[in-house]
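**Q** One structure follows; several queries about it will come next.
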Amino acid sequence: MLSRRKATANISRGLCLSNPALTQPLTSQLLALLRACGSTKCVLQIYAQMLVNAIDKSNFILLKLIDLRHLDLASRFFHQIEHPNSYAFNVMIRGLTTTWERFDLAVRLYYQMRELGVKPDNFTYPFVFKSCASLSALEHGRVAHSGVFRGGFEGDGHVSNSLITMYSSCGMLGDARKMFDEISVRDLVSWNSIISGCSKLGFAEEAVCLFWEMGEAGFRPDEMTLVSVLRACGELGDLRFGEWIRKFVDENEMELKFNTYIGSALIHMYSKCGDLTSARRTFDEMEKKDVVLWNAMITGYAQNGASDEAISLFCEMRRTSVEPSGITLIGALSSCASIGALELGQWIETYASRKGLLRDVYVATALIDMYAKCGSLSEALRIFEQMSQKSEASWNAMISAFAFHGKVMEALSLFERMLNDRHHIPPDDITLVAVLSACVHAGLVDEGLRLYHLMTSSFGLVPKIEHHSCIVDLLARAGRIYEAWDFVEQMPEKPDAVVLGALLGACQKMKVTEISERVTELLIGMEPSNSGNYVISSKMYAKEKRWKESASMWMLMRRRGVVKTPGCSWIEIDGKLEEFRAGDALGFETLKVFLLLNEEMRAQGYIPKVDRHLGEL
């Protein structure tokens, strides 16, 4: 093989040989140089020599341009090929799918291939199906599937496996399972494809059953299998099976401390099962922590309500060389929203803007939610209006923000704007909960009932317990207690604690003892450990001077060992969160915070109401 320098020198001198006996050696030399080539300029020089010497190796040139990841040049070169064969189409479709992830162009090129009369083969379809899967383009996938039958490739393992993945990615698990069942000779990829599909689509039990069937069929699980099954374990809350997989990983020396995919899947599983201690232990054991691992642990904390830990870990991540991704920011923003860490949320917005992550609709939506829950409604609206693309969740977050802040007319107006938006994003269950909540806050009974009835007739939605709860609350707050109770009795499903709690609170306010006693009996039977149900009932009896019944509720609490939950609040000072609970001892740090707040309130013209002993400080 010629060295790159010597071969390039030969090309630059313009080798043009007329002796046919020397053509083959030159072809070999040019192909050898092409394999060693590292720039598009060099490729084009080699191609020029091929043209001069009438050497047709266009497919090799195309393959090299794809290897160099030059999309524009590769596309132009492909379209200049006068009669591209199936190999050229396959190479280009594969490049568009795997190298550049331009799945739309890959599908378009497949149709062009058929129009030109070039027959797709078993090397074409796997990449076409992968593109359809990534685009969730079910109809295009079905068209390609019919081509598989016409071409007689239904028995090809690679084609069948890619079909399973395509149907699963498009939400058609029944079709995916049918493809799997029709495979006469299954391999590990076949099992992984169907198990992954079941796991991703929420059929966790079926994924676990297939895992055991796979073992009985004599297949040993690999990394992809374990990641899919761990996801299923998390959805099922099956910690015992998840621990079995952890033991399998250790016993088979799969080097967990280096395998971030299995590591992040284990963290996800433990978090879903509520075992944050094991999740953090797994995280700490990993020697190489990439962004996937950090995201898994931060998200695990956030989803389990451990907001302080999530924020602490996010701050620790900032001190490393790993850059936060959009998923990282979403987890951190969720935690900021939970405990009102506005300053950190503002820092995250600045970082997201600098990194171009504000274009991520999910990050922007998380920012809307964070600002709204931290009391900055104007900032939430600013983010919303700046979004060039709004998702269903974005509209829901902003409508919910207006409703939460009592801006009822703004919430209803934004809902109408959503219905008339040119992108035609239909409302979902969460949207209706938000607008019904707005009606509850404003006492708009007729409007709330109208929207409730429109759910089925106009929006094609089936009311759920959350919507029923809003209607009960709406009627109860309007003083229509008996109408609210009738609604509860006519609900298609049993009322939950939220519905009954809303009604009980209204009964207390309106002093409707008859309904209150029925609701209390249901609530205590449903939530025997919830101190709030006993307290509300006791207070209502006390207001009516029914002291015996009032005392009996407290006695029932003590007999059942129910303890009243203390109030809790947070405050952020200089970027640090301070937590206070009712009944806590008054320590030095608490006094220091109190004095700081006392001074700030007085500076702004407020006179704080303080305890006599604190007033003497």
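Note: Cβ is positioned from N, Cα and C throughout, glycine not excepted.
The model shown is predicted, which means the values in this text are computed figures rather than measured ones.
If you look up TrEMBL, you'll see 85-120, 187-221, 259-289, 290-324, 360-390, 391-425 marked as repeat 'PPR'.
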**Q** Under DSSP, the repeat 'PPR' (360-390) has how many residues in helix, strand and coil?
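**A** DSSP classes over the repeat 'PPR' (360-390) add up to 23 helix, 0 strand, 8 coil.
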**Q** With Cβ-Cβ distances below 8 Å as the criterion, list the same-chain residues six or more beyond the ends of the repeat 'PPR' (290-324) that contact it, or say none.
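**A** Residues 260-261, 263-264, 267-268, 270-272, 274, 276, 279-280, 283, 330-332, 334-336, 338-339, 341, 344, 351, 355, 577, 579 contact the repeat 'PPR' (290-324) from elsewhere in the chain.
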**Q** Averaged over the repeat 'PPR' (360-390), what pLDDT does the predicted model reach?
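**A** Averaged over the repeat 'PPR' (360-390), per-residue pLDDT gives 95.
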**Q** Where else in the chain does the repeat 'PPR' (360-390) make close Cβ contacts, counting only residues six or more beyond its ends and a cut-off under 8 Å?
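**A** Tertiary neighbours of the repeat 'PPR' (360-390) are 326, 329-330, 333-334, 336-338, 340-342, 345, 348-349, 352, 397-398, 400-402, 404-405, 407, 421, 423, 425.
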**Q** Please list, for the repeat 'PPR' (391-425), how many residues fall into helix, strand and coil according to DSSP.
**A** 25 helix, 0 strand, 10 coil
